[in-house]
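Note sheet for the following structure.
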């Protein structure tokens, strides 16, 4: 089996410096809020959990520190304090996005020895160096940030292929990709390992992501590369990380490396960006090719920031609040559906769209970028109706659901019930399909149309 060589990733400068101090903060507003901007003067955050203090640069008095001038606070009124979890999650997803961008560039512009970089799982879906690399990085960084070797993570990939005798060269590529990003962790405000991870360390990090979820306790949910088919084609994909506590999604982070900060770049930016990057690499911050979105349950707001890979640093100072569209007329609404036909019915969603008066052509998008599109107002409706025998997994929805809800949208199953993330790795008890809308009016119309059409469907 050939290996994917990612040249230039691992520089000779592998001294693994200490983590840069985080820049996390909020400004208190008259209503419920989470806002990542600097406070005008030092203020105290709630006392941090000792496990995370040294990793995040938290001082002895319990302040999130960025230096002598500022201290930072994540303020979400009406909700429990998850400041540290949110900060770490966003930073970790930023690192993961960088790894994915590098691997995707190697896929699109392969070197002579880059064969065998895309593999097939048992369900024939593709898996790449990025899938395993992101899972290893997220596992290692979460465990390190919270000083918890037994941190619970539900994730999509296993190590069977990498641990086999045929996976030696592939494992080498994954290890190289992981170390090439971890050495840069301080740029993201996270700690690097004291020395490079060996193959067994990477395998162990991947194996840690073996939780089965459930109704009790706390666990992270990770989809390392959601939309791998889009990823290998140079199209849309997402890195999705969520925190679930006692069966409820508490926070979600979506990394969308090919989803531009500005909607007007959406239709042409990918090919244009790749073309122009060959001619002359753009300066940092000039393009904002991708973004990271994040939200916490109960805050009533969701946020977006550019990628560190594009912007040059984690941009806590100028996050952009995102909101769902105000469009309620079906004639003007845009609906999203999966690109793949293998596990969803395009004909049924097309019939539903016609019955409620939707006239705009569907936006077929790989991955949880569909959730991102609705959360920031680029589309109004997402419908997915699985074919018989297909079961939805929690990692394909958890992060996107909480981001849409906090941005002002509605997500339920086709019976109008909340999605249940408390029953293991699958969304058990799902009524027919999943419907996400920018508002209650459109959502109600879709639910009614499903009820009217379902008996005549072949799903």
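Placement of Cβ uses the backbone N, Cα and C atoms for every residue, glycine included.
Annotated features, as they stand in TrEMBL:
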BINDING   156, 223, 226, 396  Mg(2+) binding site
Greatest C-beta neighbour count within 10 angstroms, which of the binding-site residues 156, 226: 226
Fewest other Cβ within 10 angstroms of its own Cβ, chosen from the binding-site residues 223, 396: 396
Cβ-based neighbourhood (8 Å from the centroid) of the Mg(2+) site, residues 156, 223, 226, 396 excluded: 222, 224, 225, 240, 367, 368, 393, 395
